[in-house]
Structures are given as C-alpha cells and as structure tokens.
Amino acid sequence: MSLQNDIIKELGVKPTIVPKEEIRRSLDFLKAYLLKHPFLKTLVLGISGGQDSTLAGRLAQLAVEELRQETGDQSYRFIAIRLPYGVQADEADAQKALAFIRPDQTLTINIKAAVDGQVEALKAAGIEITDFNKGNIKARQRMISQYAVAGQTSGAVIGTDHAAENITGFFTKFGDGGADILPLFRLNKRQGKALLREMGADASLYEKVPTADLEENKPGLADEVALGVTYNDIDDYLEGKEISKEAQEKIESWWYKGLHKRHLPITIFDDFWK
C-alpha cells in the first residue's frame, strides 16, 4: 500500500500553489519567529549558489527589511555566509546568488582547515575516514560555523530543507539537517522554482542541476543520480499524482531510510523505528 497520502499530509505539500501567497507565508513565518523571540535579531544562512539557499536567503533578507520598516528596530539583519571547502568550483554561481539576495552582511568562512584537521585527528586515532563520511563532516562543519556566527550575533540559523529533500532524507543528519527554522518546508522542488521566478530571479539560479557536491571522488554528483529518481517524479508524488511503480518504490524506500533523520534523538518512548 502506498504511503503517498500520509507523506503528503505530514509534509504539508499542496498540489498547486500561488507563488506570491507562499512568499508572503514564508516572510510572515520568519518575522513572527523573530518577534516572538525578542532576543533574536539576526537570521543566518550558508549560501551555496544552489536553488534552495538562494530562495531561503532572499526570503530572509526581505523578512528583516520588513521588520526594520515595521518596528523601527534597525538591529534586525540577515547574515549570508559562504562556506567553501578550499576553492569552490562553482563560486561564480554563489556570487550570482548573493547579488540576487543582497544580504545585509556577507561572511566567508573556509571550512577546509577544520575539516582536514578533523580527518587527520581521526586518522591519528586509527580511524580512516571514507570520502562519503568526509562529505558529512563538511556538512556538519558548515553548520558549526553558522551556529558560531548566530551565537555571536543573537541569531537564528535558517535551514533549507523542503519537501522534496525531506521525503528522500537527502541531507546530512546534524549537518544541513540541523537548523532553527525552515521557511521552505511544505514546498517541493518545482514550487521553490516558482517562488524564485515570482521574485524575479535569473533562470540560472533555479535551473542549475542540483548537487550536494560533498564527495571529492564524485565531484558535482547530481542529486537525481545519487537518489536514483528524478525531482520531477518526486514533485509529482508530493502533489498526489500517479507515477511509475518503480519511482514510487524508490521514493518510499528513501522515506523509510530517512525516518531517523526526521526525529530528535530516539528515546525509550519512541516506536517509529521498530
């Protein structure tokens, strides 16, 4: 029996959206969170140059601009952080994203020394890290840096998780999967594109082939190749449409595998994993 309806309900995906309304919904969500927590004045997000961080970043910037205007409190701001490992091959894309976002402040924190130091420390302890595992260390180090900045600036860390990513568990546990607030949650991949189009983004910012690009042995590996299923199929599934049995089984397999990522650390009272 297909899990489709249950998953759609859990992730809150609509079969169709009005982009302008969803932009407003995300902006109001971000603003309400900051207003509810008066000790928070900053939104922090790592910008990779991909669709998701570009969209979340622009939403964050617009949200703090509105708060400054509406409250008169000029201390609200958005900090965008570039977090390359060494030299990023598609740095030009990241710069184009920043030009669209127009953040109040941009920081660059190169994570290479921290990641390599961790790998070497593990090696000295007799633990040889695989390329895949090193990729997860990169993702977690990026979040360490974002939380360090947030901690020094009275900030909250934005996550870029959305429905098409959540359903497949295509994120690093306590890496990019760790954040304070998720303004894109409920949207699938094509709906995120629609929001960027509505916001006037250049097509190159949302038509770029999605890639986590964490593995050095597989540079630029496309998400769809890693997942074995297309975002078109994932989006159709999340919108309640019929897809091939093979694609459906693949998506639901990823859903089961990623259950542990969608929960806080397991307690004795949890039974979802049994």
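Placement of Cβ uses the backbone N, Cα and C atoms for every residue, glycine included.
Feature annotation from Swiss-Prot assigns ATP binding site to Gly46, Ile47, Ser48, Gly49, Gly50, Gln51, Asp52, Ser53, Thr160, Lys189, Thr211. Its own atom aside, the Cβ of Thr160 (ATP binding site) has 26 Cβ atoms within 10 angstroms in the protein chains shown. DSSP assigns Thr160 (ATP binding site) to coil in the three-state reduction, placing it in neither a helix nor a strand.
Sequence-distant contacts (6 or more apart, same chain, Cβ under 8 Å) of Asp52 (ATP binding site) comprise Thr160, His162, Glu165, Leu184, Gly192. Residues or ranges marked as Mg(2+) binding site in Swiss-Prot: Asp52, Glu165.
Reduced to three states, the DSSP call for Arg140 (deamido-NAD(+) binding site) is helix. Neighbour count (other Cβ atoms within 10 Å of the Cβ, all protein chains): 20 for Arg140 (deamido-NAD(+) binding site). Swiss-Prot lists Arg140, Lys173, Asp180, His260, Lys261 with the feature deamido-NAD(+) binding site.
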Asp180 (deamido-NAD(+) binding site): tally of other CB atoms within 10 A of its CB: 17
Distance [Cα-Cα, Å, rounded] between His260 (deamido-NAD(+) binding site) and Gly46 (ATP binding site): 24
CB contacts for Thr211 (ATP binding site) [other CB atoms within 10 A, all chains]: 19
